[in-house]
Amino acid sequence: TKLNFSSALEEERHVRANDRDYNERFSYADNRIKTAKYNVFTFLPINLFEQFQRFANAYFLVLLILQLIPEISSLSWFTTIVPLVLVLAITAVKDATDDYFRHKSDQQVNTRQSQVLIKGKLQNEKWMNVRVGDIIKLENNQFVAADLLLLSSSEPYGLCYIETAELDGETNLKVRQALTVTSDLGDDVAKLADFSGEVICEPPNNKLDKFTGTLCWKDNKYSLDNEKMLLRGCVLRNTEWCFGLVIFAGLQTKLMQNCGRTKFKRTSIDKLMNTLVLWIFGFLICMGIILAIGNTIWEQKVGSDFWEYLQWKELTINAVFSGFLTFWSYIIILNTVVPISLYVSVEVLRLGHSYFINWDRRMYYSRKDTPAEARTTTLNEELGQVEFIFSDKTGTLTQNIMVFNKCSINGKTYGDVYDEFGHKVDITEKTPCVDFSFNPLMDRKFRFHDSSLVEAIKLEEPLVQEFFRLLALCHTIMPEERNEGELVYQAQSPDEGALVTAARNFGFVFRSRTPETITLYEMGQAVTYQLLAILDFNNVRKRMSVIVRNPKGQLKLYSKGADTILFDRLDPSNEELMFTTSEHLNEFAGEGLRTLALAYKDLDEDVFDEWMKKLLFASTALDNREEKLGALYEEIEQGMLLLGATAIEDKLQEGVPETIACLTLANIKIWVLTGDKLETAMNIGYSCNMLRDDMNTVFIISGHTMLEVQQELSKDKFSSGLDMEKTELYSSDSVFEETIIAEYALIINGHSLAHALEADLEQILVDVACLCKTVICCRVTPLQKALVVELIKRHKRAVTLAIGDGANDVSMIKTAHIGVGISGQEGMQAVLASDYSFAQFRYLQRLLLVHGRWSYHRMCNFLCYFFYKNFAFTLVHFWYGFLCGFSAQTVYDQWFITLFNIVYTSLPVLAMGLFDQDVNEQYSLRFPNLYRPGQLNQLFNKRKFFTCTLQGVCTSFILFFIPYGAFMTAVRDDGAHISDQQTFAVTIATSLVIVVSVQIGLDTNYWTAVNHFFIWGSLAVYFAILFAMHSDGIFTIFPNQFPFIGTARNSLNQKIVWLVILLTTVVCIMPMVAVRFIKADLYPTQTDKVRLLQQATRKQGPQEQNLRRVRRTSSRRSAYAFAHQQGYGELITSGKNMKVPTSSTSTYPLSSPTRGLTGTSSASICKCFRHQKH
């Protein structure tokens, strides 16, 4: 799925600023993008080429050419050309419409405006006219037009903030910093126009997190990395303006290199039908050869006696040549084994199924007025065969909203609501919220239901106040106050934002910060704390601490982190409180909440001064600085006092755990592919019940080299391989059981995945992953998501579905057999690239288990019946050939042949294909393992095809030989002979129409008024047209076209004809009825059992059926909520990210005494803020 452009030839890129002539020598891509497949000139040839890849379309074209040759055609050419043109036209219009919308989307992006520096002036240019080497000015909230090297910005030190949701789905802000030498250019247009630096860098590639290059300017060289790049698709935030130099444009940008190609998606049934049409064509040729040989022999043995009486041209008086012509004549006559109406009907069915999805009110999301939408009509039945679902996490499984839910303070829990009898009450939308009106700075969106916590605050309980004071001080959030009291927090992670917002509402408002101070409003009073050190978070410490001096001069250390880590560093006097809090934490984690423990410590002045000296020394050490700082942090974070714990809910979308449980019971494997951090992904895994404590092992693959990854995978394969028999044993578990067997889970990191996807390791990865119940890939790039999907498609040959909501999911959605877009928080890119879209993940259950299963069931039944009826209809000609001198004489009237598939039998089979249900929607959802036959492709495969064609062949044999045998000796009521060819034809045709109508009645499981109307109506129409065509009136108008004058009334008024029709019908139908009865009685399928249950329940009257859901309990301690990456304490204490105030009274020195105390490297400048949309 990787896009290859001229980058494949490029070894390194040379870009000179403000020099278009120099840059144009390299033929770099311009900034125009193109996702559409066709243009006005290429549409017809490419579209027809794609359509004629369907073997059936090519087959009908050949037939049409044959029918135009009068020597061999015994049927009119219009019987083929009209349906063929109709099918091609319908498909072409659909494809053209899809592509028109792609063109519109491209046009919209290409014509966005950008300010470009041309000839010393800033000019407005369309995006598509931007070239590599141009200098562009961006303003706040603008999209980045191309991949740029940041030159300067409005922020101090050349910093700027970007949001990368389009690239990786994360809404937190990232920091980028320009080189000092270019940031001095500022916004001076004259200086920027004179800038002539040359960038030498890597060629275009799809690595979003890597960039290597060098800037050469004024005889100096400066190193460039990813932290100096702004990538296309990002949005500039909280930065008034910035200037950048275009390095990659258009299709060579990293965003476009991560987009998969738009593929022509076809279902497995489509592909199977291509094979079957080839088989049928082979069968047709075999029948043609047999009949042609028969004709040659007959002409030699018998036909030669008649040559003298027939005025034939000399050319044709040759038995072999006669056989050759007969071969082609029979190919035309027998072509109805694959009528083109099959393809028209299939398209109509798919269109109908798509409308059912669009009209489904249970998939309509009223809050956003978003219905489900089938954006393609070609994949519906494949929805009933999905084996693997690849899901994004943020915005797909979760709402990406963190909520402060519960807490435990000094051994008491807050957050639950109790009634007057002391029983816990479930919290709903209607549960009354706590009144925070006492606090003018509250966040109005914050909801909390336990009023006892507010009472504790108002009673000034010291530990409760200290708890919220810790939350308001111990973090790295940046506040933004646009109007008085209107606070917006820029948080590194939404977890931190939720905790500080909770403290704000309970009266401890974090108002402002400088490099040296933090100002809180505590119950309305402004209190300023001196910030002495930030002991920053990293993945090893799993905690964060701050040391502050309060206005009374006391030194305090406040710490928050994973409970397992903090509990080891508590004072022994806290043991009893630790056990109580530990129980609360288990309870919180059991509800899938993300937990943090909070502790504090009073520091002695002398001890702190001594520690500070050591810290200053360690922070300037040249070697092992991180280890020395870590040891010092460890030293001071001992003997702390436990305050309590917080529990945050990462709000899952409604119904996600239930949906995942139900889809798992349907034997669908769900893999989560996310750009998020490992711990966050694991927390969501636990919340969704994808990871559980009773799993045997959770394998974590995090090796950095090929060898490490290979060793980890091989070890896991050995461990999990031991229980393979056990897995097989449980795979057919009853649906009534909600117990899920203890199994394995695999969690793999992005950098490890890059190695695991190499050719040498991919097979081991597939083997291990498929042994696991749950697979989570975290920190993956958009292209890696697509590669994982491609890997499963290639190795497992299973139907895959990808579901996501952001631009970073587009390549995965395009690669999977079925792409589903969630119309969510992150724009519409995923929806535009998808095949199906809706607003909530939970609707996926209905899409697959109801619509998908029904579509598959209907399509399979439709195809089985269609092939059966057409073999029954067509092969009568084959048997007749042996009795008519192999002369290619048709049994039926030509009008019957033309109308059989179009009028007499088209509507009943369409009604069955549109409305049939083996079981209703409630039972489809209640018994998810009814979905299994679709995954195993049991309802329509080569074996099923063989069975229904065999039934068709037998039916045709009975249809021909019973009337033939009966009419050998039969006489009319008046004693005259009955056995003329026209009466014979009418008898067989009538028998055929009745037999196929009875058969479709037997095949229909769910009768509607439409089914009744179409079946009875088709029979009535058959007789009406039969009598009309055999009437005297029509014969007098068109004597050549309607030769069967009076046949219908003359033959159908004879009892013997009706007895023959009855006998033929009974003999055709009874064996099938007997076989089905015995099969359902002795070897019932799961569907048969559920249908019986459904019928029994209907007789008893409605009963409420509830599935017992298992609530997860967890003893897990790792569900801590935190920004799971190196913090950016140094950035805060250095003051680099603070705007330089203009007023002299509030100016702070930019290099504070605490600079460097956090132990993070200067790279921490480039860590991220969390941007909360407001």
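Each residue, glycine too, has its Cβ placed from N, Cα and C.
According to TrEMBL, the feature domain 'P-type ATPase N-terminal' maps to 15-81. The transmembrane segment feature in TrEMBL is assigned to 75-93, 276-298, 318-344, 862-883, 895-915, 945-964, 984-1002, 1014-1036, 1056-1078. The feature Mg(2+) binding site is assigned by TrEMBL to ASP392, THR394, ASP805, ASP809. The ATP binding site annotation in TrEMBL covers ASP392, LYS393, THR394, GLU496, PHE537, LYS560, ARG594, THR674, GLY675, ASP676, ARG779, LYS785, ASN808, ASP809. Positions annotated as active site, 4-aspartylphosphate intermediate by TrEMBL: ASP392. The domain 'P-type ATPase C-terminal' annotation in TrEMBL covers 831-1085. For 1142-1154, the entry in TrEMBL reads compositional bias 'Low complexity'.
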>> Let's check the environment of GLY675 (ATP binding site): how many other CB atoms sit within 10 Å of its CB?
In response: 26
>> Using Cβ atoms and a strict cutoff of less than 8 Å, what residues sit near the transmembrane segment (984-1002) while being 6 or more residues removed from its termini?
In response: 865, 868-869, 872-873, 876, 891-893, 896, 900, 904-905, 908-909, 912, 955, 959-960, 963-964, 967, 1015, 1018-1019, 1022, 1026, 1030, 1044, 1047-1048, 1051-1052, 1057, 1060-1061, 1064-1065, 1068-1069, 1072-1073, 1076
> What are the DSSP helix, strand and coil residue counts for the domain 'P-type ATPase N-terminal' (15-81)?
Replying inline: 31 helix, 2 strand, 34 coil
> Listed binding-site residues are PHE537, GLY675, ARG779; which of them have CA atoms within 10 A of the CA of THR394 (Mg(2+) binding site)?
Replying inline: GLY675
>> Give the nonlocal contacts of the transmembrane segment (862-883) in its own chain as ranges (CB under 8 Å, at least six residues past its ends).
In response: 269, 273, 276, 287, 291, 294, 330, 333-334, 336-339, 342, 345-346, 349, 889-892, 900-901, 905, 909, 912-913, 940, 944-945, 948-949, 951-953, 955-957, 959-961, 964, 988, 992, 995-996, 999-1000, 1003
> When you scan the chain for residues with a C-beta under 8 Å from the transmembrane segment (276-298), skipping those not six or more beyond its ends, what do you find?
Replying inline: 55-56, 59, 319-320, 322-324, 326-328, 330-331, 334-335, 337-338, 867, 878, 881-882, 885-888, 942, 945
> About how far apart, in whole Å, are the alpha carbons (Cα) of ASP805 (Mg(2+) binding site) and GLY675 (ATP binding site)?
Replying inline: 13
> To which of the binding-site residues ARG594, ARG779 does the lowest count of other Cβ atoms within 10 Å belong?
Replying inline: ARG779
> Do any residues of this chain, six or more beyond the ends of the transmembrane segment (1014-1036), have a C-beta under 8 angstroms from a C-beta of it, and if so which?
Replying inline: 893, 895, 899, 903-905, 907-908, 910-911, 986, 989-990, 993-994, 997, 1000-1001, 1042-1049
> Near ASP392 (Mg(2+) binding site), which binding-site residues out of PHE537, ARG594, GLY675, ARG779, ASN808 have their CA within 10 Å?
Replying inline: GLY675, ASN808
> Using a 10 Å radius around each Cβ and counting other Cβ atoms from all shown chains, which of the binding-site residues THR394, ASN808 yields the largest count?
Replying inline: ASN808
> When you measure from the Cβ of ASP392 (Mg(2+) binding site), how many other Cβ atoms are you left with inside 10 Å?
Replying inline: 30
>> Comparing the binding-site residues ASP805, ASP809, which residue's C-beta has the most other C-beta atoms within 10 angstroms in this structure?
In response: ASP809
